[in-house]
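*Asks:* Sharing the features that TrEMBL gives for it:
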type: ACT_SITE; residues: Cys570; note: active site, nucleophile
type: BINDING; residues: Cys452, Ala453, Gly454, Pro455, Gly456, Gly457, Lys458, Glu477, Asp501, Asp517; note: S-adenosyl-L-methionine binding site
type: COMPBIAS; residues: 62-84; note: compositional bias 'Basic and acidic residues'
type: COMPBIAS; residues: 106-120; note: compositional bias 'Basic and acidic residues'
type: COMPBIAS; residues: 133-152; note: compositional bias 'Basic and acidic residues'
type: DOMAIN; residues: 349-631; note: domain 'SAM-dependent MTase RsmB/NOP-type'
type: REGION; residues: 1-192; note: region 'Disordered'
Amino acid sequence: MSASDRRRRREADAANGVSPRENRKPAGKSGASPRDDRKITGKNVDGGWAARAAKGTATPRADGDRWTDRGGSDRPRRDDRDGGTRSGAPRRADDRPGFGGANDRAQGRDSGDQRGDRGGAGRTGAARSGVGRSDRGASRPDRGARAGDSRGRGAGTRDAGEQTSKAPTQRRPERPDPSVPSPRKRRGEPVDPAREVALDVLRAVRERDAYANLALPKLLRERKISGRDAAFATELTYGASRSQGQLDAVISACAGRPVDEIDGPILDILRLGVYQLLRTRTGAHAAVDTSVDLASAEFGQGRAGFVNAVLRRAGEKTADEWVAELAPADPVGKLAFEHAHPKWIAQSFADALGARAGELDALLTADDERPIVHLVARPGEITAEELALVTGGEEGRWSPYAVYLDGGDPGLLEPVRDGIAAVQDEGSQLVALALTRAPLEGPDTGRWLDLCAGPGGKAALLGALAAIDLFTVDAVEPAEHRAELVRKSTRNLPVTVHVADGRDSGLTPGYDRVLVDAPCTGLGALRRRPEARWRRTPADVAELVTLQRELLTAAWDLVRPGGVVVYSTCSPHLAETVSVVADFVRRTGAEELDSREFLPGVTELGDGPSAQLWPHRHGTDAMFLATLRKK
């Protein structure tokens, strides 16, 4: 091939977005990492379910859809709920950025028994309003060579010395469906797809109150982004969302104005840029240049110059230097700023820790770390040991049904698709198990109730346990779309779903066991919902406490004498936990049992009689539970 032919070929490849390195790969090679090609599946090499456990072999039934347990495993598992701790500590993700950054390696998915169901992904249109005179008039200093601009091919660290060629500008075709998020129209050159996805999710969160952990996976699938780019997009999205308050303080100092005077779309770009500069190992040139590209492509050179100037000022100091300059002087305020938490939330954690408030630093650090995926094995269908074998996971420490996964998309697992396993935080599993273990006065007639059932994780575990003894569960959820989630979670289980307000459900009293997993601030699951800490305000607490008291009163009216009510929240805030319970006991004379006795083997649950789980102690969400028996 002549030199001119080779030159024309390189130009054609560049126009099609093919790099010279990719063009040199032998035929038949995809260029993807072997890790990217792996599929998470529970099948053996022969294609069938033949995971051999120590007690027997789990094999498929004749219809191929469900499990039966052969050998020593073929027995009811009611006894499992009476104990069963696991040895060893939960796995923690490695290779995280310093300064509290969360290096989310899973492809855009967090785990947990999610309480929120509103979602969104990307944007349907870009706001084009200005950011002020100085934004439009700011000049853009010479940025020099574009070192580190990987154009979508780089690793999660995006090193600053990486040189790449640039493809000619191509305008993306518009999507026909306006409800489907699409990349924004570009004035300038193409931008990094990972950073573009992160920016679109941040904008959806800010403009439409979307949930990042729901919006991001959807957008990654739609734009066919995977592997290292997906991991980098996940780190940027979740990290910038968690760190918003700290990032805004730095941006305000560098811009010389409050962040509410900066146009929202520009502020999103600045947050991404400052996060990369201060809380990742991304090279400074790459962090600044790619952020300027995002601004230039959408808004033009004027506002891109403003972005450039702010980020260059931010990069003049290290993260520790910014903390020393901007953090409040008081100990709680300093820790809150350092770990990017609102001070009122950090103070509420310190209050809940009580005499062990010295653990606040460890707790806030745990809130910034990527949580591992927790699965629950459905009782009577598959054991945790078998589930760990077919998924490559590790049996949980506290729940006899828990399995830990380091990452990946749990929706790809066949046990999850088959409905014999599900994603559920181990703390949520323990709440449901405590309800089944609490002693009654008189026999258990088999009428159980989940009064706040959506989205269905605890109802499903209760239903599976009830099925072993031919008991039944009623599940109440006021929102139809969430009630449908409960139906899906409890399919083929003895669970009846009622669309009703739990405060006035219309159900017949006489239940043996009632669970009130009350709506709450969700402060115990901040690591799973990155933007939640900046959405909640102290005013939310008072409103939710009123609802929590009303639901607990309704549950008391539905439980029989001698029956038990478990009250739980995914929040450690004292106003939502011990204060609600103490007030209720004073008003009703209810007998509060020691909930710690129903979580055998679980240590450091507090002084009792209620139990409080913590991310930094137990590796779970900060679930609170109290057990009340009706006299």
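Along the chain as shown, residues are numbered 1 onward.
A Cβ is built for glycine as well, from the same backbone N, Cα and C atoms used for every other residue.
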*Asks:* What is the interatomic distance between the Cα atoms of Gly454 (S-adenosyl-L-methionine binding site) and Cys570 (active site, nucleophile), given in whole Å?
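*Replies:* So the alpha carbons of Gly454 (S-adenosyl-L-methionine binding site) and Cys570 (active site, nucleophile) sit roughly 14 Å from each other.
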*Asks:* Report, in whole Å, the straight Cα-to-Cα distance of Cys570 (active site, nucleophile) from Gly456 (S-adenosyl-L-methionine binding site).
*Replies:* 15
*Asks:* Averaged over the domain 'SAM-dependent MTase RsmB/NOP-type' (349-631), what pLDDT does the predicted model reach?
*Replies:* 97
*Asks:* Since the record lists Cys452, Gly456, Lys458, Asp501 as binding-site residues, which of them has the fewest other Cβ atoms within 10 Å of its Cβ?
*Replies:* Asp501
*Asks:* Going by DSSP, is Lys458 (S-adenosyl-L-methionine binding site) part of a helix, a strand, or coil?
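*Replies:* In the DSSP reduction, Lys458 (S-adenosyl-L-methionine binding site) maps to helix.
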*Asks:* Highest CB neighbour count within 10 A among the recorded positions Gly454, Cys570?
*Replies:* Cys570
*Asks:* Compute the C-alpha separation of Lys458 (S-adenosyl-L-methionine binding site) from the residue listed as 'active site, nucleophile', stating it in Å without decimals.
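*Replies:* Given the Cα positions, Lys458 (S-adenosyl-L-methionine binding site) is 13 Å from the residue listed as 'active site, nucleophile'.
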*Asks:* Reduce the DSSP letter at Asp501 (S-adenosyl-L-methionine binding site) to three states and note it down.
*Replies:* coil
